[in-house]
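Everything on this sheet refers to the single structure shown next.
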Amino acid sequence: MKQKSKFRWGMIFVYLFIAIFAIVTVFPFIYMILGGLMSYQETTTIPPTIIPKNWNWSNYQKVFQQAPFARYFLNTFITASVTTVVTLFTSVLGAFAMTSLKFKGKGFVQLVFLSLLMVPGEAIIFTNYNTIAQLGLLNTYLGLVLPFLTSIFYMYYLQSYFTAISPTIYKASKIDGASDWEYVWKILVPMSKGGLVTVALLSFISGWNSFLWPLLVTNEDSMRLLNNGLSSFANDAGAQTQLQLAAATLTVLPVLIIYFIFRKQIINGVVRNDLKA
Amino acid sequence: MKENQKKAWLFLAPSLVLITLFSIWPIIRAFLMSFQGGPLIDMHFNGLQNYKYIFVDPEFWRALKNTAIYAFVAVPVALVISIALAWFIFSKIKHTAFFETMFFMPYVTSTIAIGIVFRYIFNGEYGLLNFLLKAVHLPQPDWLDNPSLSLVSLIIFGIWSSLAFNIVILMGALRNIDPNYYVLANMYGASDKEKFWRITLPQLVPTIAFLLTVNIIGAFKIYTQVYALFNGQAGIGNSAMTAVFYIYNKFQIVGTPGVAMAATVVLFLFILFVTYLQRKLMKKVNS
């Protein structure tokens, strides 16, 4: 009897623990969406309002009127997409050379890559700003994307997919007279679709959320990315809490939609490349 | 058969050019600049001046102290919560994918956007947190505008943000544990507690070691969270100043890039040291 009641209490604790943290994790998102639809009074009353009385969709209209969010969206979409596509291209080529080809100096290249993986981005971002400034690329799309057009990290990630493809396939395709270029795009890429999709998703999301780099290399409003626009909007909008929350929702929503569609690939991608490290 | 397929360099060329220009060169340059004074456009050698400057600058020490406190409080606390959550979900819940999806959300969403929500929740006048604290008759401090609390608020925000990655990695590791261990344990009538301490936790040690170091390195680079929570400031009176924030201020706001680069070199060496420890630790754990 006693054993059984103890067991129950344990279960209640477990479920309560999960429930509390689940609420704590999800609640800020829900509150953000709801708060973005409240009136100013509702966001600042005590006790706090949870469900707005009227859905103030006009908040979104005001956000678009007060700051060029459409432009921010466009800029962010362009830079995140370009970074993703070009990074995929350069990383696929690099990963192919590192897995299928034998050449003098390969060990050295590998060593350099591995050491660079340990370098924190924050340690080089400021000197990169300097380079971009000297090239006269401040406030340009090229300046926003240039340092991120390849990734050692994703190259490694793709190598793990490429090595899973048997080297005999490479040899067979060579015998059939295919060039390396053809092998990469007609065999390697279609056979590693899963890995490429994951890299594309992770790269796009991190491009969408980038903050420090665009903060450094842009100061014109028309070249700002979403997160920078959002943070300066939060400053300018001052006490207009409901507008801040509406703008935050706008920023987060596209990524959340991508996440809910591809959650499996995204989660597996993150788990896979980090267990390997 | 020793081949030398020179065309490999052709395939590597785009990546190598970009890496040289934007990964290797900036490291060398950061080192060089750390020995130079003056503004960006007119820098000149000034020896160890910058290093001397940062080591007597109380602001730099405060940044290091805050960063260290953040790393050594937020990381272990978040890790313990993550282990408990991952284990509970793994062992007690049928629809693990649903919970995993939910708990991973903070990882993919913008820190700046979520920071706005947290600023709202933390608000001293109409924030939800203080409303809840009032309901249970606890003191309701001013989370954001009280300098002695900025670090606490930052740690809470940091823990919230880091659970996502930890839980997903831990769930992956839990799925990799041979289920036969549990079958055997059940045969001998082991309790849940025993199963956790005798089987699960020892099997998770490599993952925990990995997460611990990755999180500590991440904590030492913390910047965006501070910016988001305090609206572009490092808290009232710079009370939540962190290492990268210090570097950013010295580089961009104050305009002393040499000082910023000296601080970068110090941070860089520290992170390299932690990475080295991680390698050693992982080798020990895995063998």
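Any Cβ shown, glycine's included, is placed from N, Cα and C.
Summarising the annotation, TrEMBL assigns domain 'ABC transmembrane type-1' to A:73-262.
The feature transmembrane segment is assigned by TrEMBL to A:12-34 (among others). Within the chain carrying the transmembrane segment (A:12-34), a Cβ under 8 angstroms from the stretch's Cβ atoms is held by residues 50-52, 245, 248-249, 252, 256, all 6 or more beyond its ends.
Sequence annotations record features per position, and here TrEMBL assigns transmembrane segment to A:72-96 (among others).
Annotation comment: TrEMBL describes A:108-126 (among others) as transmembrane segment. Same-chain residues lying 6 or more positions outside the transmembrane segment (A:108-126) and placing a CB less than 8 Å from one of its CB atoms are 98, 152-153, 155-156, 212-213, 216.
The feature transmembrane segment is assigned by TrEMBL to A:138-157 (among others).
Listed as Cβ neighbours of the transmembrane segment (A:196-216) (distance under 8 Å, sequence separation of 6 or more from its ends, same chain) are residues 76, 79-81, 83-84, 87-88, 91-92, 122, 125-126, 128-129, 144, 147-148, 151, 154, 157-158, 161, 189, 224-228, 231, 254-255, 258-259, 262, 265-266, 268-270, 272. If you look up TrEMBL, you'll see A:196-216 (among others) marked as transmembrane segment.
Annotation source TrEMBL lists transmembrane segment at A:243-262 (among others).
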Other than its close neighbours in sequence, what residues sit by the transmembrane segment (A:72-96), given a CB gap under 8 Å and a spacing of at least six beyond its ends?
141, 144-145, 148-151, 154-156, 158-159, 162, 180, 184, 188-189, 196, 199-200, 203-204, 207-208, 210, 214, 223-230, 250
Looking only at residues six or more beyond either end of the transmembrane segment (A:138-157), which have a C-beta under 8 A from one in the stretch?
75, 78-79, 82-83, 86-88, 90-91, 94-95, 98, 113, 116-117, 128, 132, 195, 198-199, 202-203, 207, 213-214, 217-220, 223, 225, 269, 272-273, 276
